[in-house]
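J.: According to Swiss-Prot, the protein carries these features:
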type     : residues      : note
ACT_SITE : CYS131        : active site, proton donor
ACT_SITE : CYS134        : active site, cysteine sulfenic acid (-SOH) intermediate
DISULFID : CYS131-CYS134 : disulfide bond
Amino acid sequence: MSIDDLKSKIPDFAKDVRLNLSSMASNETLTPQQKYGLFVACGIASRNADVRKALVAEAAGKVDASVIQAAKAAASIMGMNNVYYRFVHLASNKDYRTMPARLRMNVISNPGVDKVDFELWSLAVSAINGCGMCIDAHEDVLRKANVTAEAIQAAVRFASIIQSAAIALEAADTE
């Protein structure tokens with residue numbers, strides 16, 4: 001399955017989603033590694049099998065397997081961190097902020113790809129998962145690494161488009 005196959009499954013009520021998928025595929029703000037890593041990480045984070053399969057397949061022919069593995073790792077580790085740190089951030093009891101997380105996160109310091117790219121993917125997944133604390137932390141790392149606001153915005157735009165594709169497919173499944 002490809003992005004074109006995915007677009008063909010998007011119903012007419014979500015025409016904007018189809019158009020946004022097209023614009024995402026032709027984006028030139030990001031490097032190919034950043035773009036296809038976002039496809040994989042956000043496709044997985046969308047929790048929709050069709051979206052995940054299409055975007056992983058799209059990336060498979062365009063980037064090295066190490067990029068795909070690292071993007072999978074970003075989605076996986078953010079699945080854990082986003083739940084934990086969203087709780088820490090939202091809990092009324094602020095004592096949790098001073099407690100050690102006791103969660104293994106070695107992949108963040110050694111992702112097997114450029115750390116900036118991994119941070120970009122982590123930011124996008126954190127946006128999908130709604131963890132403000134993680135969003136702030138990853139955005140701060142990216143800005144300190146001189147990543148442009150346009151690249152950061154593009155990553156989050158990809159996340160929003162990919163998530164909307166998953167929701168459009170779920171909505172179509174109710175008809």
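Including glycine, each Cβ sits where the backbone N, Cα and C put it.
Distances, neighbours, how buried they are, the whole picture for these features please.
T.: Neighbours of CYS131 (active site, proton donor), defined as other CB atoms within 10 A of its CB across all chains, total 24.
A sphere of 10 angstroms centred on the C-beta of CYS134 (active site, cysteine sulfenic acid (-SOH) intermediate) encloses 23 other C-beta atoms.
A helical conformation is recorded for CYS134 (active site, cysteine sulfenic acid (-SOH) intermediate) in the three-state DSSP classification.
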